[in-house]
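> Pulled from Swiss-Prot, these are the listed features:
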- 1-12: compositional bias 'Basic residues' (COMPBIAS)
- 1-20: region 'Disordered' (REGION)
- LEU90, CYS91, HIS92, MET128, GLU129: substrate binding site (BINDING)
- ASP143: active site (ACT_SITE)
Amino acid sequence: MARKPSKTRPSKAKSGPALTHIGATGEARMVDVSDKPATERLAVAEGRVLMTRATLDLIVSGNAKKGDVLGTARIAGIMAAKRTSELIPLCHPLALSKVTVDIEPDAKLPGCLVRASVKVTGPTGVEMEALTAVSVACLTIYDMIKAVERGVRIEGIHLVEKLGGKSGHYRA
């Protein structure tokens, strides 16, 4: 049975910063950025894919059945950054200036450290694009090795750094 949407309105108490994607009556909305200046913005995100040492060795040696795991994941992450507005409903479509996805095998984890950097000159930031790039790159690694190891874990996806815009510099 389908649930009826709640008619409860959000509290009007000013206890902290307002959510920019929520309208006065609680509806989701896309933020109007038309009056914001175009400035250079950068976001960096990272995450980890944890696996056994044997699976990591298979990836590093290039002997995975599905092919070049790291190269495929890198391209998937770049593609995902460019399509973020199609995946996350209230994100603005952006003409990204640069997307890099770096994947470092790490025997100490064991696993792979995935890091994405996204740059734009525009009226809104690229945090979601960086996080989406990392998420999809990690998921691609998982997809390409799941037949070898079912216990693979994706962990720690987070924003590492953000530069530009009204809120300035952030570093985790």
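Cβ atoms here come from the backbone N, Cα and C positions, even for glycine.
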> Let me know the DSSP-derived helix, strand or coil state of the residue listed as 'active site', please.
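Helix, per DSSP.
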> Measuring Cα to Cα, how far is LEU90 (substrate binding site) from ASP143 (active site) in Å?
27
> Could you tell me which three-state DSSP class GLU129 (substrate binding site) falls into?
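It is helical.
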> Taking the center of the Cβ atoms of LEU90, CYS91, HIS92, MET128, GLU129 at the recorded substrate site, which other residues in this chain have a Cβ no more than 8 Å from that point?
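These residues sit around the substrate site: THR84, SER85, ILE88, LEU94, THR124.
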> Helix, strand or coil: which one is HIS92 (substrate binding site) in, per DSSP?
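Going by the DSSP assignment, HIS92 (substrate binding site) belongs to neither helix nor strand, so it counts as coil.
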> Fill in the CA-CA distance, ASP143 (active site) to CYS91 (substrate binding site), as an integer in Å.
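Cα-Cα distance, ASP143 (active site) to CYS91 (substrate binding site): 26 Å.
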> Pairwise over LEU90, CYS91, HIS92, MET128, GLU129, annotated as binding substrate, what's the top Cα to Cα distance to the nearest Å?
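For the residues that bind substrate, the greatest Cα distance is 12 Å.
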> Neighbour count, 10 Å Cβ-Cβ cut-off, for MET128 (substrate binding site): what number do you get?
22
> Per residue, counting other C-beta atoms within 10 angstroms of the C-beta, which of the binding-site residues LEU90, CYS91 reaches the highest number?
CYS91
> Show which residues of the chain containing HIS92 (substrate binding site), separated from it by at least 6 in sequence, have their CB under 8 Å from its CB.
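Non-local contacts for HIS92 (substrate binding site): MET30, VAL31, VAL33, SER85, PRO123, THR124.
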> Among the recorded positions GLU129, ASP143, point out the residue whose Cβ has the most other Cβ atoms within 10 Å, with all shown protein chains included in the count.
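Of the recorded positions GLU129, ASP143, the most buried by Cβ count within 10 Å is GLU129.
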